Structures are given as C-alpha cells and as structure tokens.
Ligand SMILES: Nc1ncnc2c1ncn2[C@@H]1O[C@H](COP(=O)(O)OP(=O)(O)O)[C@@H](O)[C@H]1O
Ligand SMILES: CC(=O)N[C@@H](CCC(=O)OP(=O)(O)O)C(=O)O
C-alpha cells in the first residue's frame, strides 16, 4: 500500500505544473545524443506524448548535424563550421536538405507515431513555414575587429507561418519541423536547428523553449555547470571563449527568444532519460536556465 501511496504522491507533485502549463506552447529542440540511442528515442517520444496528453502544445524542431556529417563524408565532401554554423555551398545544401527533410524528419515522425503520437513532419518549405533569408555571420577578424562573413546557403528565419502550426494543433497533431528554410525566390537555406527553435518559440509566444543537447548544460571556464545564466553573463562567457562552437547559437537563440517574449529558456541534457519531463515537472528542473 505504501508503494501505491508513493506513486499517487508522485502524480500529485505534477498537479501544479499541469494546471500551469495546460493549453500553453512548448517548443523543444531535439538533437545531439538523444537522437542516436534507441532507449533515449523512446523516452523522448513518450515524454512528448505525455505533454500532448496533458494539453500542452508541444512543437518539435529537430537537428541532425551528425547525420549530415556522415552523409557528407560518404560523398567525400569536406565541411567546416564558423561559430557553430556549417559553411554551406550548393552541393552541401542539397545533402543537408536530403538528410534533414528526407531522412531525419521522417525518422523522428516515425518513432513519435510508433509510440502513439500524431506527429506530422514539415520542412520550412511546407506552407512556407519558415520564410528565410541569408544569414551573414558576425565573427572576429584576425586583427580583433568585427566582420560579417558570408557562409553560403545558411539562413535565418524572417517569418514563421504560425497559422499552419495552430491548424495542426487544433487537430491534435504534433508538428515536427526540419530546419530547412525557404527564401523569397524558392531557394533553400540551411538553418541551425537551435536558431529555428528560438524563432518558432518567439513567433508562437511560447511558454518554454527547451533545447536538448549532449552535455549537462552550460559550463564556465572551470567546467562547472551553471544552473542559471543571465543574458549579460552569457555575452561575457562568449567573449572569454568559455562558451564556444555549437553552444554559441544555443545560448544566443535562448536570449533572443526571451527578448521576444518567450517566458523561459532551458538547455538540458538529452542523454538523461525523460530529460523533458524532469525539466518541466520538477521544482529545480535540470540543466541551465537562461534568464533575462
Ligand atoms: N560553455 C560550454 N558549456 C557546455 N558545452 C559547451 C560550452 N562551450 C562549448 N560547448 C560545446 O557545445 C556542445 C553542444 O553543441 P552541439 O555539439 O552543437 O550540440 P547539439 O548537437 O546538441 O546541437 C557541447 O557538447 C560542448 O562540447
Ligand atoms: C547552419 C547549420 O549549421 N545548420 C545545421 C543544421 C542541423 C543542426 O542544427 O543540427 P544539430 O542541432 O544536430 O547540430 C547543420 O548543417 O549541421
């Protein structure tokens, strides 16, 4: 009996969160390690289906950097990154689109539905979901000055077709978005998935933006996990090169999303089973929260 009462208490702990979040929108960026491991795939799918069952409008944006790397390697195409963004020429762009839209998106949709979801896969081209433009990247020149760098078909989101997402949600469907945008001339753009998640969260006025990654959260120069960082500290950590590579677009898009009205932004460890539920339904949460 004690065991059963314990179970009931665990359920009751979630009640205030369920009350607070039912009817709200959560945008979840799914990527990194959690996409590579069968047990974690199932745990992620079940977490998302649980959220939908509780009346939370979950929207998934997935990555696929490692899968793109694998295919580029198979084709003998070299790839390099600037501040966490892949330099993308026309040939690379066609591989990126093939892998993200044709392979990864369908795989994610497949296992969400296998576990009982009503997932619908979309690229930024479907219904012009992600109208985009070329992204010029601000980087440090050798003399220390700032310069804008053209890294090819890499984009930023100009406008999100929120109508399409709301239409799917009203039918209880679960949108799963591949981070490929479309320009005014119909051209494709490779967009960092964290950036897409941040823009979609802002456009939907989301309650939470949650980025799953392959590390416990954001760490300082000594490797200590930071439970919470303010936007000002974030800029300092980037300047000091404590935050580097793929972590840069993550923290920057969290800060942008908060500025545009998203209530909370979290970077959490996708290697932990049920990471999404632990973040949402426990008092302390997990990982790093970015705060204004
Ligand atoms: N300050 C930092 N704290 C944590 N991770 C960092 C930091 N700076 C750089 N990183 C790196 O960023 C990586 C996460 O970015 P990325 O590999 O692009 O993740 P994902 O594939 O989940 O999008 C971490 O594995 C880590 O190597
Ligand atoms: C411009 C840019 O860098 N786009 C990314 C898109 C995929 C992505 O963001 O995947 P992860 O979240 O798994 O890293 C890329 O080409 O790898």
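Just so you know, glycine gets a Cβ as well, placed from its N, Cα and C.
These features come from TrEMBL:
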type    : residues        : note
DOMAIN  : 24-269          : domain 'Aspartate/glutamate/uridylate kinase'
SITE    : 29              : site 'Transition state stabilizer'
BINDING : 64, 65, 86, 190 : substrate binding site
SITE    : 250             : site 'Transition state stabilizer'
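TrEMBL feature annotations superimposed on the structure.
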residue	record	Cβ neighbours (10 Å)
29	site 'Transition state stabilizer'	30
64	substrate binding site	24
65	substrate binding site	21
86	substrate binding site	21
190	substrate binding site	26
250	site 'Transition state stabilizer'	27
Cα-Cα, whole number of Å: residue 29 (site 'Transition state stabilizer') versus residue 250 (site 'Transition state stabilizer')? 10
Those recorded positions, 64, 65, 86, 190, 250: which ones have a Cβ sitting under 6 Å from ligand 2? 64, 65, 86, 190
Check the recorded positions 29, 64, 65, 86, 190 for any whose Cβ is under 6 angstroms from an atom of ligand 1, and report them in sequence order. 65
Can you tell me whether DSSP puts residue 64 (substrate binding site) in helix, strand or coil? coil
Longest CA-CA distance among 64, 65, 86, 190, per record bound to substrate, angstrom: 12
Taking 8 Å from the centroid of the Cβ atoms of 64, 65, 86, 190 as the cut-off, which other residues in that chain fall inside it around the substrate site? 63, 68, 96, 99, 100, 179, 192, 193
